[in-house]
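Quick look at what TrEMBL lists:
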- B:28-46: transmembrane segment (TRANSMEM)
- B:67-90: transmembrane segment (TRANSMEM)
- B:102-122: transmembrane segment (TRANSMEM)
- B:147-166: transmembrane segment (TRANSMEM)
- B:186-216: transmembrane segment (TRANSMEM)
- B:228-251: transmembrane segment (TRANSMEM)
- B:257-276: transmembrane segment (TRANSMEM)
Amino acid sequence: MASLPRARESRTEDPDRGADAAVISLRGAALAYGERVLWQDLDLDVRPGEFLAVLGPNGSGKTSFVRALLGQRPLSAGTLTVLGRPPSKGSRHIGYIPQQATLSEHAMLRARDLVRFGIDGHGFGPRLRTAAVRRRVDEVLESVGAAAYADVPVGLLSGGEQQRVRVGQAMATDPRILLCDEPLLSLDLHHQRAVTELVDARRRSHNTAVVFVTHEINPVLGLVDRVLYLARGSYRVGTPDEVLTSEAMSQLYGTQVDVVRVRGRITVVGVPDEVAEPPHHPELPHGVRP
Amino acid sequence: MTIADGIWQQIFSFDNYGELLALVRNSLIAGAALGLVGGLVGVFVIRRDLPFAVHGISELSFAGASAALLLGVNIVGGSIVGSLIAAGAIGVLGSRARDRNSVIGTLMPFGLGLGVLFLALYKGRAANKFGILTGQIVAVDTPQMSWLLGTSAVVLVALAVMWRPLTFASADPDVAEARGVPVRGLSFAFMLVLGLAVALSVQIVGALLVLTLLVTPAAAAARITASPVLLPALSVVFAVASIEGGILLALGSSIPISPYVTTISFSIYLACRLVGTYRTRQWGTGRTVPEPG
């Protein structure tokens with residue numbers, strides 16, 4: 001059952017664990033589908049307030065990484081803890097923002113209803129505690145700049161507006177981790193910036209850790225603390241300057257790959273065809289997902 | 001008397017209306033229950049994009065009802081069995097939206113074929129056969145009533161329990177799953193609820209016209225509101241108005257009930273579309289602040 005005050009308490013319940021204890025911790029972690037290993041021997045700690053971008057070609061295990069964090073997929077080996085515990089399904093401490101297209105065209109709900117589902121949509125039976133929840137929804141809509149269209153059916157909102165509401169929905173439970181799975185897909189540059197700014201603002205104001213899965217680093221390049229790059233059953237982790245280099249990428253892909261930096265934008269050139277499906281074309285809007 | 005007058009009299013006749021009304025008291029009660037169920041279930045039929053599934057289930061429900069007619073057992077029971085088999089099959093085989101329509105398209109003619117077979121073998125009154133396809137009002141006797149009301153109660157309780165997570169899962173399945181909603185389980189549970197609702201509707205409006213109760217009222221309501229309270233409420237009002245209006249108009253005539261119900265239901269839909277065009281414009285301009293960023 002939704003209970004907002006509890007969420008606030010839980011952030012302060014353990015001051016000793018404070019700023020530096022990892023909110024996500026992986027040790028020797030591996031994920032495999034039968035023989036096919038997506039990634040293995042993954043050691044990673046994500047700290048509060050950190051912005052981690054998860055990059056990699058299609059099929060490199062980005063989505064499986066997200067599903068593991070959400071408790072929807074067990075690891076094949078190693079350990080994963082989220083907030084000091086094994087990941088559990090439906091944790092209120094994780095705010096999840098998927099790509100825009102996953103929202104049903106037939107939703108027949110208003111923006112405010114969507115945000116509200118972020119708080120109490122999982123509960124069976126009739127609603128309780130409605131006044132407090134309603135206040136929280138108004139607060140959240142205001143904070144993501146969606147108050148003006150709070151009562152408009154989500155089907156009539158633009159993709160960018162829908163994602164803005166989604167960010168609000170994810171923040172409604174006051175989570176300690178924001179898990180973003182390609183949230184910028186099919187948005188234009190203007191809305192990409194609006195959504196990333198909202199996510200970044202939340203991280204700064206509440207020290208929320210951000211795990212941002214994307215096939216396109218450039219829209220978030222200025223915000224990223226570290227990059228986890230998955231490819232060919234292996235990975236690299238480090239700052240963008242450490243990971244997104246010709247040397248590191250060539251090693252990861254096992255072939256000559258060039259990382260080109262032009263005016264603060266990064267393009268990876270020469271990724272082998274079989275893994276190169278999401279093209280690194282920063283200037284193109286990503287309209288269609290294959 | 002011209003031919004046109006004659007046809008008019010067949011469609012609308014209010015002779016001895018008071019006496020007739022007493023005969024259909026049961027039907028009116030069943031109709032109210034059905035309107036309530038149809039209006040509420042319809043909201044999710046629209047949200048989950050399932051109108052074709054409704055049609056598919058109703059054909060197997062028809063097969064079940066005709067089998068029951070042939071065997072001389074309870075028709076409502078037969079109709080429910082057929083519905084549940086169809087709904088379960090669609091739920092299992094067509095859990096992914098991509099496969100669903102082809103699964104339904106495959107089941108539907110098979111169900112219809114079975115129904116035709118059973119009706120061809122049946123040697124009883126022709127009106128009984130016709131009734132399963134196009135609806136009937138006087139056939140609701142007391143034992144059938146308890147079946148209808150009991151099934152309605154099951155559907156309403158199931159909906160009340162799963163309404164909120166089902167709405168969440170229908171609108172935004174990925175986020176719902178991330179928040180711990182059992183999306184696949186709910187999807188299957190709803191198919192079974194839908195199966196029961198279809199079996200109920202078949203009794204009154206007939207297998208061919210179930211969509212008029214399970215789709216049209218909710219589709220009409222969706223044109224004018226997205227409020228999670230007003231939408232189901234209006235859908236119920238529209239469904240009840242269609243079915244009770246249909247029963248009352250059909251009473252004195254020799255024509256089946258379904259054209260009355262479908263015409264009222266469709267008129268409501270048209271009116272809502274008109275209002276909806278205005279509402280959409282209002283929503284579009286109702287944003288007091290231009291989108292920042």
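The backbone N, Cα and C atoms fix where each Cβ goes, glycine too.
Since this is a predicted model, take the numbers as computed values, not measurements.
Just going by CB pairs under 8 A, the stretch in B:67-90, B:102-122, B:147-166, B:186-216, B:257-276 that sits most against the transmembrane segment (B:28-46) is B:186-216. Comparing B:102-122, B:147-166, B:186-216, B:228-251, B:257-276 for CB pairs under 8 angstroms to the transmembrane segment (B:67-90), the maximum falls on B:186-216. Sequence-distant contacts of the transmembrane segment (B:147-166) (same chain, at least 6 residues past either end, Cβ-Cβ under 8 Å): 29-30, 33-34, 36-37, 40-41, 44, 74, 76-77, 80, 140, 176, 181-182, 186, 189-190, 193, 196-197, 199-200, 203. Sequence-remote contacts of a segment are chain residues at least 6 beyond its ends whose Cβ falls under 8 Å from one of its Cβ atoms, and for the transmembrane segment (B:257-276) they are 134-137, 204-206, 208-209, 212-213, 216-217, 219-221, 223-224, 238-239, 241-243, 245-247, 249-250.
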